[in-house]
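What follows is a short report on a single structure.
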Amino acid sequence: MLIHEDNRYIVEKEYNLVTEPQNASLFTTGNGYMGVRGSLEEFGSTRIQGSFIRGFVDEIIEVIEPFCDNEYMKKYYFDEEKLKKFDKQISCINLVDFLLIRFRIGDEIFYPWEGEILSWERRLDTSQSIFQRSVTWKDKMGNITVFEFERFASYDEEHRYCMRAMAKPQNHFLPVEIISGIDTDVRTGGQRVLQFINNQILNNGLISCFQSGKRYGITCKIAVKNSFFMDGKLQHSIGEQQENLLLNKALMPGGGREYCVEKTIYLTTDRDCDPLFDTIDTVLLDVGTYDAYKEAHIREWSQFFSNFDIKILGDDRKDAQLRFATYHAVITGDRNNSIHSLSAKGLTGERYNQFVWWDCEIYQLPIFIHAFPEVAKHALIYRYDRLEEARENAKLEGCKGARYPFVSSLEGKEHVWIYARHPFLQVHITADIGFGIINYFINTLDYEFMELYGFEMLYEICRYWVSKVILKDGTYQLLGVTGTDEHHPYVDNDAYTNYIVQYVLQETILLDSQYSSTKVRDKIGITVNELKDIEQVSRLLYLPLEKSGLIPQFDGYFDLSRDLEVDGSGTGKNFQMKQAGLYHKSQVIKQPDVMLLFSYLNFEIKNSRYEENWDYYEKMCESSSSLTFPVHAICSADANRMLSFLNYFNETVNIDLLDIHHCAWQGVHAGCLSGAWYAIFRGLMGIVTRIDCIQINPKLIPFWQGVELSFIYQTKKIKATLNGNVFTLGSEDKKEISVYFQGKRYAFVDRLEVSF
């Protein structure tokens, strides 16, 4: 079990083979461009080792052998004809293992499963984004050596990864050999995918050039510079190849106090549009030192992370857990380009294939929109770069405009697993992207982005919905869809889908009237009549709402049983189902649908009853998706149920630390972890940003002394502080902003304090 120290460290105190796969995910180091799992330097075990570059993907064989053991799986979940045809899938590709560092002490190579471990500690320093390990090891002959390892993915130079490893003899004078290099024998999905072009081996450096696979053939180059030291003096080294290992080695005599290797790795691909790809061999001549690179990295990381860091006062454990969650949320974001976007596992594992889902715009984008908008902008430009393929998707469906795939990768066509029925019905993804664009603009007023990218996407998204809806009983309806709750496919008028579509249509018309230019309209030929059609559909789209104020998740939802009939052996548990349930007969849902409207989307729904809906749907949700927990935390805060808020917040920050869903080894739950930040911002502090004001509704939380965070609203950086029943906003920017609190408007310039 991992522990917390000094509000910044996540620490492992013993070597445990059982938790090694899970902790490899948790100890990932990354910088948005690359992610490197926390595997051991001396040996990268299969399914534990993993190094990834954002957008470095190709095709793999994916073996899957599910079977249907109840009516629900047979008729509603699997398409068994397509299951027979499925064998290939796009996936992120595991790079060569460049972490390889081994120490030979006398005749014994250090491995933690050999000899005796006298002490062991691995720690992730979230304040510096550095991963460290310290081991005291006794070999079979009783020789004791202390090993210290340190590594980080540079925030100063995103293509650089730095490592340092040291051996310190304690009771012997044995010679020490350090072996540092690259292990090319790696697998993705259990198979060898990389296509090697060439390798170069020098006395103090290595270069490996390979391609992602046979479909895309993305070329990657990795250069490694090794410098070996004995008591601070540079040592001679040689280069050699041993089967799959590309190595630099230095054999040093006994009697030294400290033996060290400093290892600098540069990674680049031909998709990066970076001159490093053509000049990578020159990095072996680099005279930069590990300490200099470390100092520059810490400086850049500290500045970057300070935008996101929330301080919880009076609860050090929760403060550390939140900082860990925020760390993983933000290392998924690329600050420099839009080659790829925010994926569900970030760059911490192979599972979910580095695909981009609706999680991106709804769960992951808010932390960046409010704290570092440039990353959010890159994520949305990623969507724009796939607009043409989204147009083709709409045509294939017989619709106009653009339909975005439920799952995307390098391409904008659908990449979801073909044997599952529901993803092809989850058309809400197209509205989710529209919502993300609008949310970004509300908080940034980035007119240039809208002119170059945003409006064109919004117009095409609206065109899709206008052609998608069906006129029935005097209203426009959306039939045969799946909402966010994947347990219920083939439903009519899903609440989440209809409400978010209506919002995107309505807001697009509003933004068009206030901000759009004829240049964008002319580019895609949007006409006045089309704008009228968009307005009409937004006005007449059916929005589910009962007279009681309850919102049915879809047509006929309340007619289903509130119990879940169980039938079968439970093969569905591998597909995020807690039981072998006949979900099509039950109101039991996988994750929030209706409650997203009130929490993440912040819709003010006339005549609805928020608390009654929350009371109902909380009980119907089996929480088999991690995305449940931050939503439920916010809803609990809105209902002034602060103990419930704390419990759901605990599940949000601990989803992977405590391995709540028993799959942390596959990679962290980036959407849920991003929700930890948003649960404080939106839930506890009650901050909702509108285009013309900030609304606040802070909550008294008796378990903590206070909370502090910073956010950006329309270029104004604001510090928010919650201390008991006093809430304060402060800013050095003199721009005036309207703030609404308890029905009263305040003019906020540099400081605003309210009591509640």
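Backbone N, Cα and C atoms are what each Cβ position is placed from, and that goes for glycine too.
These figures come from a predicted structure and were not determined experimentally.
Listed in Swiss-Prot:
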BINDING   TRP358, ASP359, LYS590, GLN591  substrate binding site
ACT_SITE  GLU486  active site, proton donor
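Listed binding-site residues near GLU486 (active site, proton donor): LYS590, GLN591 (candidates TRP358, ASP359, LYS590, GLN591; Cα-Cα distance within 10 Å). In the three-state DSSP assignment, the secondary structure recorded for ASP359 (substrate binding site) is helix. Site extent for substrate: the farthest pair of Cα atoms among TRP358, ASP359, LYS590, GLN591 sits 16 Å apart. Around the Cβ of LYS590 (substrate binding site), 23 further Cβ atoms fall within 10 Å across all displayed protein chains.
Those same-chain residues not listed among TRP358, ASP359, LYS590, GLN591 yet with C-beta within 8 angstroms of the centroid of the substrate site C-beta atoms are TRP357, TYR363, THR484, GLU486, SER625, LEU627, GLY671. Non-local contacts of TRP358 (substrate binding site) by the CB criterion (under 8 A, 6+ apart in sequence, same chain) comprise PHE406, GLN426, HIS428, ILE429, ASP432, THR484.
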